[in-house]
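Here is the structure we will look at.
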Amino acid sequence: MAARLAGLAVVLGFAARGPAPGGAAKMKVVEEPNTFGLNNPFLPQTSRLQPKRDPSPVSGPAHLSRLSGKCFSLVESTYKYELCPFHNVTQHEQTFRWNAYSGILGIWHEWEITNNTFRGMWMRDGDACQSRSRQSKVELTCGKSNRLAHVSEPSTCVYALTFETPLVCHPHSLLVYPTLPAALQQRWDQLEQDLVDELITAQGYEKSLRAIFEDAGYLKTSEPNEAAQQEGGTKGLRFETLESCQEAHKALSQEIKRLQGVLTQHGVPYGKPTETPSSEHWGPQVPTAGMAEPLRGDPGLRGDTL
């Protein structure tokens, strides 16, 4: 009873003091920071990224598959880059601004193969950047540990990443041939023999070799409008840089000279477009009796008469 009376006295004492002064305000205690805004830094970064598609299946050297499911980060300046091999590359601005940038720089797409060696991983179909999608190339280099060592942007919307790993230190760790199943290895062996026997041209060899890599899942099948399918892309785009266009032109010029040499060697007449009157270009062409069948350059097969 005494305790109840004491409590009642305390309550009456506070009530007697009257309301708080006009200048005072009640303080509201906030236990958690707000998470309003798409790019709020307190929001988990992965929850606000919307990829355009799923990544391609894991492929390539079997010993690299252990990198799948792992992520490696690097902070440069005010940005944090995160590489998840065989998944994607993301970029996050390290700031508390409400509109801090977070985006996808590419989703795992295919390998880059040069001289029959895995040279890099292409991450494509990232977030929109001007008139196209962001994309990244990941170069694998030998290192003491798995780590994302460097990130740069050599051209607009195209990023270059260097990933160090002890998994590629062996000189044969990135060779393509040993990773292929037996059936595709046999196709490659036959292709090499056909090239030696001059049953196919160099162009046909490269085309057939790419088909082997596509069947293995290392490269994606090229589509006519693949570049245009990227958001905001330009229709009919074939070369991303002037250097790649010049290299392709040089390779075609060399192939033309080589084929002209073969025709001359076998006595097959041919005319240069610059020396042929315009009327002959558009007029009907009547094949000459006994003339050897011309080379069929697209499939890369040579005529039997050669």
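Backbone N, Cα and C define each Cβ position, glycine as well.
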Name the cysteine that pairs with C157 in a disulphide bond per Swiss-Prot, restricting the answer to C71, C84, C129.
C129
A correct count of other C-beta atoms within 10 Å of the C-beta of C129 (disulfide bond) gives 16
Over all shown protein chains, what is the count of other CB atoms within 10 A of the CB belonging to C84 (disulfide bond)?
20
Could you state the whole-number distance in Å separating the C-alpha atoms of N115 (N-linked glycosylation site) and C129 (disulfide bond)?
32
Tell me the Cβ contacts of C142 (disulfide bond) under 8 Å, same chain only and six or more apart in sequence, or just say none.
E164, T165, P166, V168, C169
